[in-house]
Every structure is written in structure tokens, then in C-alpha cells.
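A short worksheet on the structure shown next.
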Amino acid sequence: MRLRWSGGVLLSVAAAYYVYTPLPSTVSEPWKLILLDALFRSFIHAGDAAQALGVCHSVHMLNSVVSRLEVIEPWSSPTVSVTDSALGGVPARVFQPVGGGAKLRRGVLYFHGGGWALGSGRKCVSYDLLCRRMAEELDTVVVSVDYRLAPDAVFPDQYHDALAASKAFLSPEVLQRYGVNPARVGVSGDSSGGNLAAAVAQRVHARKHDSMNVKFSIQALIYPVLQALDLNTPSYQQNHNVPILHRHLMARFWLIYLGADPSLLPHLLSSPSSLLHPSIPPSIRSHLNWTSLLAAKHQKHYRPVGMETGSREVMGIVPGLVDVRAAPLLAEQGILGRTPRAYVMTCEFDVLRDDGLMYARRLQDAGVTVTSVHYDDGFHGCMVFSFWPFWSSVGQRSLDNYIQWLDHNL
């Protein structure tokens, strides 16, 4: 009996040790985030074990778990018609308000997050609920794109899918089919989806596409990931172990997306030594120089690190690191200045915070009207956690603000 009791105590202590993660005192609803992180970490460990045993790639294991927990088939309600379709050959789910006669509606093309490797624009409950609410409250046609995922597809496949879907959605035929006003079409996405939204906005609005009759009127980027040359910005340093997107996990997603060898992880994490590579001109370095682009309150006491360590060879091995299609933050001012007015949301406790803040600053410097919204108690992924069972107050606030901005600007 005593042995069982002792064993139970030890198991409880071990479980508590595994679950508990020290968090900043001001983060929104920390215990929910701790439990969510423990669940996510357990899935990651299971995926790593499966890969080590040769069963499957760790990402395939993660997606298998996600699909079991989140999968949802298209279902329509009295207010929103939901159907699965395709745009430019890319699968998508269309959320179309019911009724309204022959009037033209606004339209939003949405790219889901998940490190270019996880989730689904059609089958995840969280994105289904998000797009459904957008369609209902904004009386807007929302199309959620199901681009290909890593590791089966790597850069630039996801980008090409996003661009193909964008061009198709902006075509007169598709806009007419869904009753969308050509002057009121937006592109949006969260995390890696925000990366794709920013990248296609740059491409669609480039001079080479001036022949396109319809362009995006707005871009709404939710805690976007925008570069991998410097994974030691103040937000990466401050939040390296803050759930749910730890610094090493973001670096892993980058390597998987770019089709690079996982053994390069230490080199990627040692950046900004990569910025010293001779192939990178000073102009590009200035595009992510956080010592000049970030306000003092976000720089805090942090200093550039890693300048004397790491391998510059990673630049030659992984050319995608300096490709603006993968890293929109590296684009020239002339390109940024042609993109539409923007909404950029960032969270204090997110490694990607400074990516978004620097992009908002560079867009403003290029003459773009930008609404930069920052949540001091926010964490990465919070806006998706606006629904049961992972509801959070900051998630609800951020979603309300996002929808309100779309209503006023689209």
C-alpha cells in the first residue's frame, strides 16, 4: 500500500513537472496556456519518437493527431452556406452568406497558420469557426485556402498555391460567381498564413502584374512570420521558451518549409551571424535591423547576439532564407509601397512579435496606411483560441478587433 502511495506521489510530481511551464505574470490566462502547451509538447514528442523509429515523419504524426481532434466536414447554417471548392487548382472552403439578393459583397481570401506544415483551411474546426464568424458578421464571402503542406511539399510550393488561389479569386469570373465586389477584396492569414498573405500581396501588387484589373484592397496579417535570418530579435530572446511557439520549434518549421537538412538547426539558431554572409547586401540587412526599426519599449535591454558564432555556409545551403517570397520582410521599399493598406497584429509573448512590428514600420515608411495592433497580454496563436474549449479573453478581444477593422476598412 505504501509503495503504491509513493508511486502515485512520484507520478503526480513528474506529471506536474512536465505540465508546468514558467510564464510571464502578465500573459492572459496562464494556466490555460500551460495546459495547451503540455498537450502540444506531448504530440511533438510522440511525433519525434515515431520519426526516430522510422514509422513516419514527425509532422505526419502531428497532422494525424490534429485531424482526429479538429476535422470537420462542410456544413451550412441558415445564415452561411459552406461548400468545398478549388481556386486555381488549389482546394478551398467557401463561406458564403445566405440571402441578400443580387447585391455585391466583400470578399476575403484567408490562409491558415501551422508552420506551413500543420492544419487545414477546410478541415480544422478552429478555422471553420473563424471563417464562419467572419462571413456571418461581416456579410462577406470568405474563402479558406488549403495549400499543400510540408514536408510533402516545400518552398516555393506553398507560395505557388497561395499565388494561384489569389489570382483565381481576383479573376472577374470567380468574383462574379460568388457575387464579390471587385473593389472590396482582402487577403489575410495568421502566422505562416500571414507570411503567405504578405508574400502574395507583394506579388499581386508588383508592377509586373499591373495588367491585373483587380487587386487586393487590404491585407490583414495576424502575428505573421516574416524572416529567418535573425532568430535573436528581442522577442525571440524574451520569448524563446514561451508557449506555444518556442524559438527552436519555429526554427524547425523554417527548415522543414525550406526543405533543408534538420542538422542545420544549430546554425539557424546562431543567427544573426547569417547577416554577415557576403551575399547579403547592406540594404537587406537594414530591412531587419531591429535596433533602428523597433521602438525602445520593444528593444528593452536586449542586444544583438551571435555575431561571432555560427556558420555562414548555411546561406549557400538554404537560399530560401533570402528569398522575399519566403521572407517578405526583406522586400525593397518600392515593393512594399505598392501593397494595400494593412492591419498587423502582434502579441507581446510571441517570438514573432518583432517580425510583425518591423514589417508594420517598414510598410509605414513606404507610405502604406497601417493599423498596428499590439496585445500586451497576448501569445502566439491566441486569436484562433477564441472558441471553446481553448477560449481566452485576449483571443476574444483580438478577434473582435480584427473583425471590426475589416468591417471599417474592407
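Here, residue 1 is simply the first one shown, and the rest follow in order.
Any Cβ shown, glycine's included, is placed from N, Cα and C.
What TrEMBL says about a protein is an automatic prediction, not a curated fact.
Features as listed in TrEMBL:
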type	residues	note
DOMAIN	108-263	domain 'Alpha/beta hydrolase fold-3'
ACT_SITE	SER191	active site
DOMAIN	305-383	domain 'Alpha/beta hydrolase fold-3'
ACT_SITE	ASP350	active site
ACT_SITE	HIS380	active site
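Note on the domain 'Alpha/beta hydrolase fold-3' (305-383): its mean pLDDT in the predicted model is 90. The domain 'Alpha/beta hydrolase fold-3' (305-383): residue composition by secondary structure is 30 helix, 19 strand, 30 coil, according to DSSP. Distance from the CA of ASP350 (active site) to the CA of HIS380 (active site) is 5 Å.
In this structure, the C-alpha atom of ASP350 (active site) lies 11 angstrom from that of SER191 (active site).
Neighbour density around each Cβ, counted as other Cβ atoms within 10 Å, peaks among the active-site residues SER191, HIS380 at SER191.
Every protein chain shown contributes to the tally, and the Cβ of ASP350 (active site) ends up with 28 other Cβ atoms within 10 Å.
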